[in-house]
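Participant: First the structure, which I've put down as structure tokens, then a few questions once you've had a look.
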Amino acid sequence: MKTICLVGGKLQGFEAAYLSKKAGMKVVLVDKNPQALIRNYADEFYCFDVIKEPEKLLELSKRVDAVLPVNENLACIEFLNSIKEKFSCPVLFDFEAYRISRDKKKSKDYFKSIGVPTPQDRPSKPPYFVKPPCESSSVGARIIYDDKDLEGLEPDTLVEEYVEGEVVSLEVVGDGSHFAVVKETLVHIDETYDCHMVTPLPANPLFRQISHDLAANLPLKGIMDVEAIFGPKGLRVIEIDARFPSQTPTVVYYSSGINLIELLFRAFTDGVEEIRAIPENKYCIYEHLMFGENGVLIPVGEQVLSMGSDYGKFYEEPGIEIFLCKGEYPVFTMVFWGKDREETGAKRCKGLSVLKERFGAVL
């Protein structure tokens with residue numbers, strides 16, 4: 001049995017832990033927060049600050065098969081980069097690609113340098129889409145409809161044309177020479193631009209080629225998530241994130257049969273093969289529902305989940321998994337899968353009925 005050590009116990013960590021378990025791996029978690037969200041979901045939990053006590057992590061690396069940073073704490077990532085040669089196992093992370101991807105201005109300059117279509121900067125008239133230079137895609141993002149609202153923005157805020165359309169995502173895993181473009185997904189967003197649901201999409205040759213080019217020109221050794229908008233103007237790449245994603249990998253797993261943790265391991269050991277055809281073509285629904293006042297189920301995004309106190313499995317049967325995130329209001333992560341959309345929809349109805357029976361949820 002392989003063992004993976006995850007540095008970070010929030011939602012990225014949950015996704016990586018979930019897929020590691022699906023691959024039959026043991027999960028060791030390291031987080032400086034004694035109340036780390038997934039502390040009870042991991043097989044082993046060690047609470048310490050890797051920056052203050054790196055020797056503990058280096059010692060752990062002697063008895064695990066890989067270390068995977070799954071956090072967006074820049075100080076932590078930069079510190080791990082500074083000691084990466086001291087680990088006794090591979091660190092499944094491309095630090096240079098992350099340096100480019102976390103800086104949205106650097107990312108956009110990179111897109112332009114290789115001819116990737118992206119929203120126009122500082123358009124002459126509204127609506128504008130504004131976002132901080134270095135946060136996750138949804139944090140601090142909003143639409144501005146009036147020029148006067150630009151006046152209070154921080155100088156380094158990105159101001160782009162607002163592009164209407166569907167938000168789509170595609171993961172790429174590279175070994176530095178070969179780049180496996182995996183499975184397209186649709187990211188369903190709420191009014192705060194946070195994702196509350198993910199579903200699979202058919203293959204899109206243009207998006208796949210662009211994602212391959214983005215990985216190959218780095219060149220990527222690790223995993224990267226490419227996000228784009230499909231709208232009336234065609235495809236526009238909005239960002240890349242060179243770190244293990246949350247939410248989309250589970251949908252990739254059930255719809256394509258590809259486990260991104262296993263693929264990432266191969267990138268640092270045997271190498272990856274470029275994917276010509278997806279091995280499976282099934283359907284999956286992944287969504288977050290908050291149990292609100294009067295039992296009403298409310299779609300919510302990751303920003304709500306991240307405020308929870310504990311996250312673990314609540315219910316399981318073939319084609320259905322439900323996870324409970326405890327907090328002021330419970331949030332359920334619902335995962336349904338089947339051979340097609342119809343079968344998966346029936347699983348979803350069954351899963352919702354479980355919440356009705358056990359919690360009195362209003363459907």
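Yeah, the Cβs are placed from backbone N, Cα and C, and that goes for glycine too.
Since we're looking at a predicted model, the values are computed, not measured.
So Swiss-Prot has the following annotated:
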type    : residues                                                         : note
BINDING : K10, D31, D49, V50, E72, N73                                     : ATP binding site
BINDING : L11, Q12, E72, S246, E302                                        : L-lysine binding site
BINDING : K104, K131, S138, E160, E161, Y162, V163, E239                   : ADP binding site
BINDING : S169, L170, E171, D225, R243, F244, P245, S246, Q247, T248, E302 : D-ornithine binding site
BINDING : E227, E239                                                       : Mg(2+) 1 binding site
BINDING : E239, D241                                                       : Mg(2+) 2 binding site
Participant: Rounding to the nearest whole angstrom, report the longest C-alpha distance spanning K10, D31, D49, V50, E72, N73, listed for ATP.
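Facilitator: Taking every pair among K10, D31, D49, V50, E72, N73, the longest Cα gap is 16 Å.
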Participant: Once the chains shown are all counted, how many other Cβ atoms turn up within 10 Å of the Cβ of E161 (ADP binding site)?
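Facilitator: There are 18 of them.
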Participant: With every protein chain in view, how many other Cβ atoms are within 10 Å of the Cβ of K131 (ADP binding site)?
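Facilitator: By my count, 21.
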Participant: Taking each of K10, L11, E72, N73, E227, E302 in turn, which of these binding-site residues have a Cα lying within 10 angstroms of the Cα of E239 (ADP binding site)?
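Facilitator: Matched binding-site residues: E227, sequence order.
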Participant: Between the Cα atoms of N73 (ATP binding site) and R243 (D-ornithine binding site), what distance do you get, rounded to the nearest Å?
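Facilitator: Counting only the Cα atoms, the answer is 12 Å.
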Participant: What is the interatomic distance between the Cα atoms of V163 (ADP binding site) and E227 (Mg(2+) 1 binding site), given in whole Å?
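Facilitator: Distance (Cα to Cα, whole Å): 13 Å.
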Participant: Based on Cα distances to D49 (ATP binding site), point out the closest of the binding-site residues K104, K131, S246, Q247.
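Facilitator: It is S246, whose Cα lies nearest.
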Participant: Count, for each of the binding-site residues D49, E302, the other C-beta atoms lying within 10 angstroms of its own C-beta, and report the residue with the smallest count.
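Facilitator: Comparing Cβ neighbour counts within 10 Å for the binding-site residues D49, E302 gives D49.
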Participant: How big is the gap, in Å, between the Cα of E227 (Mg(2+) 1 binding site) and that of K10 (ATP binding site), rounded to a whole number?
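Facilitator: With the alpha carbons as reference points, the distance is 21 Å.
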